[in-house]
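What follows is a set of notes on a single structure, which appears directly below.
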Amino acid sequence: MSNIQENENKETCNIKENENKEILKENFKNKEKQYFSSLRSPYSACRSVDCFKKLYTINEGAFGVVYCAQDKETEEIVALKKIKMEREREGIPITSVREIKVLMELKHDNIVQIKEIVLGKNINSIFMAMEFIDHDLRGLMEVIKKPFLPSEIKTLIQQLLNGVSYMHDNWVIHRDLKTANLLYTNKGVLKIADFGLAREYGSPLKPLSKGVVTLWYRAPELLLDTEIYTPAIDIWSVGCIFAEIISKEVLLQGSSEIDQMDKIFKLFGTPTEKSWPAFFKLPLAKYFNLTDQPYNNLKSKFPHITDNAFDLLNKLLELNPEARISASDALKHPYFFENPQPRDPLLMPTWPSSHKKT
């Protein structure tokens, strides 16, 4: 990939009024319209992508391509995420506006930080410059030979819950937590990334999109087609991640939504009026011919973990979202206070970068 030559007179972004209007035609929610309007002033002084030297492509996903790049002025290495615009006729995709808004507002050690918005040659070329992090947890677990030690697992889950608790305290649901969206620095710090599906929520709860969260990490209430859901959907994903870090295998690998739900029932048992009263009111519940399977078989998959570790895992993977533990309560669980204690992040293992240079 050729390097972009640095312009002697550093370019700045100068969005014209009619371009702003074009962007704002997007069918945003009122709060998001207001937020994007507030970005017009910062955009007028944002830097050009010419200020960065693209080194290699990290990955390409549904919402954009991510490059490893170097700031030509400071020589700092950053992750440069180009927002996909191919199908957008009326401005920036709503998912990208939400991601920018959320990342600008959330400031936490366990959440990836956005540094600035960067523009290309025209309004349809927009980048987010974010802190560069060496690994994603999924890729790392695929290449390391040894599993994480119990103290290291405890540190990773504690950091994950710290980030999730902070998100939920600030009225944000991530809606796509999985090991591939967790980054791991060479200083032993875990960071939550990829906020393309994140949404702010409020009280009372309002209907939200159902088609969220990668299938293997999707909570049962979402699989049963509910539109009214809570941050508990993120907690289910945390439970799946916890199990995956322990075993280095994805816990529930369904081939479809029906198969995923079937695997959940086989592992955790079928719900009853007592264990999950609202289950029978969910849109797709009536289509399941439930065989009576009252037993939770999760312990059989993790026979060697401590009782406290299993208890926390079980509370994170509670079928009934109303009974599922919160992130803040999970951080107070005895699991984090028994031996071995969580390992200091500075003593966590490190590895060469797992990003493939393409």
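Backbone N, Cα and C atoms are what each Cβ position is placed from, and that goes for glycine too.
Neighbour count (other Cβ atoms within 10 Å of the Cβ, all protein chains): 22 for Asp176 (active site, proton acceptor). The active site, proton acceptor annotation in Swiss-Prot covers Asp176.
Residue density at Gly64 (ATP binding site): 21 other Cβ atoms are found within 10 A of its Cβ, drawing on all protein chains shown. A strand conformation is recorded for Gly64 (ATP binding site) in the three-state DSSP classification. Annotation source Swiss-Prot lists ATP binding site at Ile58, Asn59, Glu60, Gly61, Ala62, Phe63, Gly64, Val65, Val66, Lys81, citing sequence analysis.
The domain 'Protein kinase' annotation in Swiss-Prot covers 52-336 and is backed by sequence analysis. Looking just at the domain 'Protein kinase' (52-336), the mean pLDDT is 91.
In this structure, the CA atom of Ile58 (ATP binding site) is 19 Å away from the CA atom of Asp176 (active site, proton acceptor). Rounded to a whole value, the Cα-Cα separation of Gly64 (ATP binding site) and Asp176 (active site, proton acceptor) is 16 Å.
Between Glu60 (ATP binding site) and Asp176 (active site, proton acceptor), the C-alpha separation comes to 16 Å. Asp176 (active site, proton acceptor) sits 18 Å from Val66 (ATP binding site), taking the Cα positions as reference.
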